[in-house]
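Copied over from TrEMBL, here are the features:
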type	residues	note
DOMAIN	1-252	domain 'AB hydrolase-1'
ACT_SITE	Ser80	active site, charge relay system
ACT_SITE	Asp214	active site, charge relay system
ACT_SITE	His245	active site, charge relay system
Amino acid sequence: MVICPGIGNHSEQKYIRTFVDHSQRRGYRCAVLNHLGALPQVELTSPRLFTYGCTWEFGAMVDWVKRQHPHTLLVVVGFSLGGNLVCKFLGEKPSNQNRVVCCISVCQGYSALRAQETFLQWDQCRRLYNFILAEKMKNLILSHRRSFLSSSSSVGEVDLGRLSTATSLMQVDDAVMRKFHGYASVKEYYEQESCVQHISNVQVPLLLLNSSDDPLVHPALLDIPRSLAEKKPNVMFVLTQHGGHMGFFEGAVLLPRPLTWMDKVVVECVDALCWWEEQLLPCDHQQSE
């Protein structure tokens, strides 16, 4: 499995460690992307952070895994922002889908441009979550302040000054994030880095999992995966009534089990798709003969 975590996350996050542990117990080897700049106490070697849809680092990890294990097939899994990134990666070039059995996307929003409008609404506390995520990104960016003030950086002191007053992700993205790749506006940044313009190119089996009560993904955004699943036979859209944003907890309300429904259903789906792939391989071999 090649796994892409959510915004500002890395391999040491609790939900990633739980998912990896469960997957390994079921026989899967796992590689997890540490988003550029996300690991605490690890300094950047260049003045650039991960962005909403830049696939360079994930692509480099996938290429490395393929070289290290030339006879191994891959399962691609992305959580939240990672779901956008992996779907965009697979859809960007047909060759990115080579040796990929399937892709699982969990709780992503599909279009950052459409999502930004809903993030300013107060229903389901979206505006509050927006503020919390903005503060998280501000702290992450400022922890690498020294790297960004180097002579080769596209981000300067004025940008970091604007960042300090930001109260939403859109303001953070406009002040700093869009500038890492030279986007002229936050609108262009969101358009170019969302998977919505690439996801229809994905030909491998694709499971898109969302929850109706996700405070970060407005119901209006779910028309994208629903429409895609209606048009493409390789796409399955699963929408649960409850689950929040990557919650899907089981057990007591105050003391839920560490292993969630999400962890179990993703691995069970992968088990089924891998079994299906194994049945196809002998048929393909016989046809080639």
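Cβ atoms here come from the backbone N, Cα and C positions, even for glycine.
In TrEMBL, annotation is done automatically, which means it is predicted and not curated.
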Residues satisfying Cβ distance under 8 Å from Asp214 (active site, charge relay system), sequence separation of at least 6: Cys107, Gly243, Gly244, His245
Conformational class of Asp214 (active site, charge relay system) under the three-state DSSP mapping: coil
Neighbour tally for His245 (active site, charge relay system), based on other Cβ positions within 10 Å of its Cβ: 20
Cβ atoms near Ser80 (active site, charge relay system) (within 10 Å, other residues, all chains): 23
